[in-house]
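Report on one structure; see the data block that follows.
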Amino acid sequence: MLTTNTLAVLLLLFLSLCSGQSPPAPEPIAADGPSSPVNCLVSMLNVSDCFSYVQVGSNEIKPEAACCPELAGMVQSSPECVCNLYGGGASPRFGVKLDKQRAEQLSTICGVKAPSPSLCSVLGFPTISPAGSEDSSSGSEGSDKDKKNGAMTTKYCGVALNSLALLLLFTFLSLS
């Protein structure tokens, strides 16, 4: 039987293999990741004080005072929803177009340790591209092909991670 330490090492090894892939970010739409944006609706509502800071065109120098405690609560209760925030999950539901740089810097500004956008991508959650970047793309066939290949890599890493997580769960349950 595998020990807990062996399983942890295998998980870390697998994560490092998948994180070596660098797929381009998907379009800034609310695509479903492993956890549907509907599951994060309450968490998104709870960080609504952050929206005025992270929206495209915001002139605010810092987030509202209530934003940082709300973000810390989201990270503690449902960190996958932070990935949803990076992925634009707030955009269609609340009419907020997110500025990628501001969304990614929010945890640093608030002093909250949150999942990084690159980790969210590895785990299969969409992340948004920089504001306006889709308008400035050349639209060449080569770049479209690269985007599709990157999306496939992320998809398969996400599926493999989910399978590995289930394997770990069953192993831990059988050890009990």
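Cβ atoms here come from the backbone N, Cα and C positions, even for glycine.
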As recorded in Swiss-Prot, which of Cys40, Cys50, Cys110 forms the disulphide with Cys67: Cys50
Among Cys40, Cys81, Cys83, Cys110, cysteine joined to Cys68 by disulfide in Swiss-Prot: Cys110
Neighbour tally for Cys40 (disulfide bond), based on other Cβ positions within 10 Å of its Cβ: 25
Nearest-integer angstrom distance between the alpha carbons (Cα) of Asn46 (N-linked glycosylation site) and Cys81 (disulfide bond): 11
Candidates Cys40, Cys50, Cys81, Cys83, Cys120 (disulfide-bonded residues) with Cα within 10 Å of Cys68 (disulfide bond): Cys50
